[in-house]
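**Student:** Can you keep this structure in mind? I'll have questions shortly.
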Amino acid sequence: MDAQSSAKVNSRKRRKEVPGPNGATEEDGIPSKVQRCAVGLRQPAPFSDEIEVDFSKPYVRVTMEEACRGTPCERPVRVYADGIFDLFHSGHARALMQAKNLFPNTYLIVGVCSDELTHNFKGFTVMNENERYDAVQHCRYVDEVVRNAPWTLTPEFLAEHRIDFVAHDDIPYSSAGSDDVYKHIKEAGMFAPTQRTEGISTSDIITRIVRDYDVYARRNLQRGYTAKELNVSFINEKKYHLQERVDKVKKKVKDVEEKSKEFVQKVEEKSIDLIQKWEEKSREFIGSFLEMFGPEGALKHMLKEGKGRMLQAISPKQSPSSSPTHERSPSPSFRWPFSGKTSPSSSPASLSRCKAVTCDISEDEED
């Protein structure tokens with residue numbers, strides 16, 4: 001049994017494991033099943049300045065080997081991840097998920113930079129700092145949020161928050177006059193790399209909005225926003241309204257075209273059905289006509305039968321046995337009407353002559 005089972009396992013097709021959207025592996029593109037769990041976080045992650053910290057215990061950083069083994073058991077590994085988190089999207093959530101799952105027992109601290117630092121070093125944001133704090137607070141992987149996080153991490157900040165490792169993608173982040181703001185963290189052995197999610201970023205989202213600015217401006221005008229709120233001039237407002245009407249007319253024309261195409265298609269289908277039915281009926285009619293009036297049709301047989309009956313009625317055939325002529329044929333003792341008396345016993349010569357004459361008369365009557 002063991003040999004058979006091992007042979008079956010070896011003969012199976014090797015399935016490719018691909019990371020799924022939920023971080024689990026997928027087999028041949030099919031998401032792996034997970035057990036349904038109704039337990040979830042009911043409160044947002046607290047801010048760091050709202051948590052009481054026991055500074056009486058000394059801060060001893062955990063090494064990478066100990067963190068991977070899940071030790072020490074008395075406390076989790078404290079991992080720090082920072083960012084701007086403007087227009088919080090799935091790329092941010094995936095990065096925080098990776099940071100949370102770096103070690104078996106992880107406590108994730110997320111630092112969010114303020115508007116002042118962000119505007120000075122990176123540029124203007126769509127969301128203000130309070131909105132960005134709130135967005136990160138409600139991410140399920142976050143255990144603690146640090147407001148007004150520093151742009152460059154200092155030893156004092158790391159010691160204050162008792163940070164063991166810093167999680168970020170390993171692409172050099174040049175800013176604030178430095179080629180890589182995480183260079184000293186990497187040199188200290190505290191850097192834990194994560195993978196960036198391709199195809200999604202705050203800059204990409206803003207690019208989409210700017211690229212289709214007219215579409216979104218018309219959309220918001222249609223939903224009740226004023227031109228002043230959208231910072232749209234009077235001329236552009238009228239232009240957008242006109243474009244909206246033109247689009248409605250185009251949509252109606254397109255609907256009419258589609259309906260007309262459907263109608264024409266239905267008519268064509270009906271006409272094809274009618275033609276097929278007409279062909280079938282015409283074949284049946286021609287077949288029945290030929291059966292009745294063709295060379296070997298029923299009508300010809302009827303005429304032949306009628307003609308035969310008429311001829312039989314006009315001149316019926318007489319059978320030789322029932323012919324009246326045969327019944328009236330004279331016997332050998334035929335008497336001539338002009339002979340008055342019966343002659344006495346005739347001679348043999350006269351009798352033979354009478355027989356010959358009688359036979360000739362009988363043959364003439366039959367003819």
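Glycine residues also receive a Cβ, built from the backbone N, Cα and C atoms like all the rest.
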**Student:** Looking at Ser175, Ser282, Ser350, which is the one Swiss-Prot tags with phosphoserine?
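**Tutor:** Annotation hit in Swiss-Prot: Ser350.
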**Student:** Look at the CTP binding annotation in Swiss-Prot, where Ile84, Phe85, His92, His168, Asp169, Tyr173, Gln195, Arg196, Thr197, Ile200 are given, and name the residue from Lys57, Lys122, Lys186, Lys228 listed for that site too.
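**Tutor:** It is Lys122, as the record lists it for that site.
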**Student:** Of Ser11, Ser362, which does Swiss-Prot mark as phosphoserine?
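**Tutor:** So the answer, going by Swiss-Prot, is Ser362.
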**Student:** Quick check on the record annotations: which of Ser90, Ser114, Ser352 is tagged phosphoserine by Swiss-Prot?
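**Tutor:** Of Ser90, Ser114, Ser352, Swiss-Prot lists Ser352 as: phosphoserine.
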**Student:** By a simple count of other Cβ atoms within 10 Å, which of His92, His168, Arg196, the binding-site residues in the record, is least packed?
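**Tutor:** Each of the binding-site residues His92, His168, Arg196 was scored by Cβ atoms within 10 Å; lowest is Arg196.
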**Student:** With a Cβ cut-off under 8 Å, give me the same-chain residues at least six positions beyond the ends of the region 'Autoinhibitory (AI)' (272-293) that come close to it.
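**Tutor:** For the region 'Autoinhibitory (AI)' (272-293), the far contacts come to 299.
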**Student:** Quick one: largest C-alpha distance among Ile84, Phe85, His92, Lys122, His168, Asp169, Tyr173, Gln195, Arg196, Thr197, Ile200, binding CTP per the record, in angstrom?
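**Tutor:** Comparing all Cα pairs, the maximum is 21 Å.
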**Student:** Under DSSP, is Tyr173 (CTP binding site) helix, strand or coil?
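**Tutor:** Where Tyr173 (CTP binding site) sits, the three-state DSSP reduction gives coil.
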